[in-house]
Structure formats: structure tokens, C-alpha cells
Amino acid sequence: MAGKKNVLSSLAVYAEDSEPESDGEAGIEAVGSAAEEKGGLVSDAYGEDDFSRLGGDEDGYEEEEDENSRQSEDDDSETEKPEADDPKDNTEAEKRDPQELVASFSERVRNMSPDEIKIPPEPPGRCSNHLQDKIQKLYERKIKEGMDMNYIIQRKKEFRNPSIYEKLIQFCAIDELGTNYPKDMFDPHGWSEDSYYEALAKAQKIEMDKLEKAKKERTKIEFVTGTKKGTTTNATSTTTTTASTAVADAQKRKSKWDSAIPVTTIAQPTILTTTATLPAVVTVTTSASGSKTTVISAVGTIVKKAKQ
């Protein structure tokens, strides 16, 4: 946004600072109007109608692009005419590899001193008044109405394609890894396919799958050896061993709350049975004087508890 604003403002200042054309220049411009129709910078149809189409008329944009493309082709044809005198140079330049041209130019610049390196001069000639007026109007609309050309372009239906980036690269034949440096300084295509992250990720995935498969096989083998079946004689011993192992494990797993309370055995008293023949009547003296007697039947058994 800021860069575009600066460009428009600089162009607007350029239009203000430009000197008014003299009558002679006007006459020359009138004579060259026919040439402009064929291949000038701006055609006559490129005028006020373009501003009315900025509101979103896509057909207007397409027509404008077609006109600009035709004009650029005409300009290229006109600029190429003076060079037609030297067909040998053109054929030699076409035969040479672009990388060789870049390398030779880079080598030539690297061997130059800083004082010899200069910025190329401005192109000769002036922009037409028609183009300057258009830039001035675009700048005024941006300042007053807040018009954003980038938003208008992005709102077009053609830019809603999710693969527009890849399509533009293919259409323009752009090398994303390319560079303007010569190969002796930097060669972006000098790396092998294994050096890129796609190949590294693929190799890593293969190794991880191998490790996961080996881990599953080890777990399966351990499980099978634990439940392997033997002969009938070994089956009985295996069952006995398994049962004893299970009991031992169960005893080991018992906590203090699972253990039974120890019971102390108490010796029971021994009961002695004595049979005695007693007289039919036993006289018991209840007092020292012997004044009262009690008769007790003496038939039966007398139980005596042994002393502990």
C-alpha cells in the first residue's frame, strides 16, 4: 500500500512539474497521432471509460488488458525494427545459453571497480499527457475515495481459484529455485533429490514403519511362547506348575487385610465321670448341734471337674 502510494504520488508530482508543451510539440503530436494508434504508449480508447469500470466490471478489465497486450506487442515490434540491421548478433545471442549470458555479465561486473558501476540512465522521451492525466485521476481517487486497486483485483472471480499460485508459476514459466547469480557463485539446482525435505520425510517414514513392524513382531513372539502347547505328559506337569504358581502369586498378592486372624487354641477341661454306689439315705448335718437333718437321694452320678 505504501509503495503504491509513493509511486502514484511521484507520478503525480512528475505530471505537475512537467513543462507545458509548445505549439511545435503540439503539431508534432498531431502528426504522430496516427502512429500512436498503431503502437503508442496509450491508445485513445484508454480514457475516461476506464475509471467507470473500476467499480467491478470485469469485462472492462479484460478489454483493457487486451488493449494493453496489443499495444505492448506493437511497441515490441517497433523497438525491434532498428535491431533488424544486425541479424548475426541476434542469432548469436539466441544461440547462447541465458545462463552463460548471466555468467558473463556477472563476471564483467565483478571485475569492475565501484566507480565504474553506474545506474542506467532514464529512458528517453516523456509520457503522454493522456497517461499523466490518468495517473493523476487515479491518485486523486485513492486520496479522496480510498480506492484500493489491489482489493479490486483480488475481488475478481479469477483470483478465487485456490491453485492460482501454482497456475501463475506454470503460466509464466517461473523457476522458483532460480537465481541471477552465476553457477560458479551459487547453483540452486546443484543439490540432489535426497537433499530436499520431501525425500528426507519419505525416508524417515519408511524407517519408522520398519521399527513399528519389528516391535509388533517381537510382542507377538513373546505371547506365543507363553502359551505354547506341549505333549500330554508335559500338560499335567504344566497344569500343576501353573496351579502352584497361581496359588503362590495369590498368596504374594494378599495384603495384611486378607490374612486370617490367628486363633489360639484353649485347652478344654477334662470331664471325669465317677460312678459310686451310695447308701439310700444320706444324712447331712446342717449345724454343729445336729438338730436338723436333710434326706438326699443318693441314686445317680456325681460329676466332678478336674482341677486345672
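Backbone N, Cα and C atoms are what each Cβ position is placed from, and that goes for glycine too.
Of the candidates Lys88, Lys157, Lys220, Lys256, Swiss-Prot records SUMO2 cross-link for Lys220; the remaining residues carry no such annotation there, which does not rule it out for them. Between the listed residues Ser43, Ser244, Ser259, Swiss-Prot assigns phosphoserine to Ser43, with no corresponding entry for the rest in that record. Residue annotated by Swiss-Prot as phosphoserine (from the set Ser52, Ser128, Ser192, Ser289): Ser52. Among Ser18, Ser104, Ser163, Ser297, the residue that Swiss-Prot annotates as phosphoserine is Ser18. Just so you know, the Cβ of Ser113 (phosphoserine) picks up 6 other Cβ atoms within 10 Å once every protein chain is counted.
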